[in-house]
Amino acid sequence: MRSLLLLSIVFFVVTVSANKTRELCMKSLEHAKVDTSNEARQDGIDLYKHMFENYPPLRKYFKNREEYTAEDVQNDPFFAKQGQKILLACHVLCATYDDRETFNAYTRELLDRHARDHVHMPPEVWTDFWKLFEEYLGKKTTLDEPTKQAWHEIGREFAKEINKHGRHAVRHQCMRSLQHIDIGHSETAKQNGIDLYKHMFENYPSMREAFKDRENYTAEDVQKDPFFVKQGQRILLACHLLCASYDDEETFHMYVHELMERHERLGVQLPDQHWTDFWKLFEEFLEKKSHLCEHTKHAWAVIGKEFAYEATRHGKEHHEHKEEHKEEHKEEHKEEQH
């Protein structure tokens, strides 16, 4: 009974908070209109002018308009229409914030809409948008601190849902491509792993240095060496597990760190660039096995980029940890001498 009461109180507090957030943000949106008037049209154009003036990296998502100035934005009819679309999206997100199910569903729909238009943006762009949107609103009206915090809250929850849904979509695309890459004890599965290493040794000779006594192997040598039968299955299993866990960010990151520690235990130290190159060669390997559409290539690039980032981060932490241990040993040695 007590648990039910506590749950009811928590639900009430969350609902009241969401209602207040919605109320504050909707009030500020009175200065960013959505209708057919010239004033509303200019409100939308002004948002894009602010974006193009202050966030030039975002221009690349507007094909053939990458070099636009604020004046170009003002004179292009595209932004009159697009400005109303983006403001409408902000109004809907704000209006539905106290209905989290609808808010999340609309957030996912916005991401899917961008995907259908072949516009793929990294997660940080969605976060940056709310910063620029708050700056834009600040030019239209005075935003007090509670209103700023309310927009921060909406932006944070929006970005969280985008990231969650985006990870599901990436996982789905990549898992589909792995249907053509069996792992197991069959001859086909064994050959899949060997083929990956043959591609590596043929096209990325610098990576051979990680294979002691096999640095001068040809693709034919790889084919004949039983080592690559077993190792091929290991590396493909790792790729399957990375893909399968991608929609669970914490598990994905933990598994990347486990892979790095496994290499360290084996005395294999690879330069950061190798981790980036691996995903490039893996995509090429998949392309040989089955045609990859652009969506799938992009999805693998997303996984590869995040993997490489985590691998590099782990390497830095490992190095710092070793240096700390060295300093500790030095201090201990000094104390022993005294």
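Indices start at 1 and increase along the chain as displayed.
Placement of Cβ uses the backbone N, Cα and C atoms for every residue, glycine included.
What Swiss-Prot says about this one:
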type	residues	note
BINDING	Q82, H114, Q231, H263	heme b binding site
DOMAIN	25-167	domain 'Globin 1'
DOMAIN	174-316	domain 'Globin 2'
CARBOHYD	N19	N-linked glycosylation site
CARBOHYD	N216	N-linked glycosylation site
REGION	313-338	region 'Disordered'
SIGNAL	1-18	signal peptide
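In this structure the alpha carbons, written CA, of N19 (N-linked glycosylation site) and H114 (heme b binding site) are 29 Å apart. Counting every protein chain shown, the number of other Cβ atoms lying within 10 Å of the Cβ of H114 (heme b binding site) is 16.
The two recorded residues, N216 (N-linked glycosylation site) and Q231 (heme b binding site), have Cα atoms 18 Å apart. Per-residue confidence over the domain 'Globin 2' (174-316) averages out at a pLDDT of 93.
The record assigns Q82, H114, Q231, H263 to the heme b binding site, and the maximum Cα to Cα distance across that set is 51 Å. Neighbour density around each Cβ, counted as other Cβ atoms within 10 Å, peaks among the recorded positions N19, Q82, N216 at Q82. Across the domain 'Globin 1' (25-167), the DSSP tally of helix, strand and coil residues reads 113 helix, 0 strand, 30 coil. Helix, strand and coil counts under DSSP for the domain 'Globin 2' (174-316) come to 112 helix, 0 strand, 31 coil.
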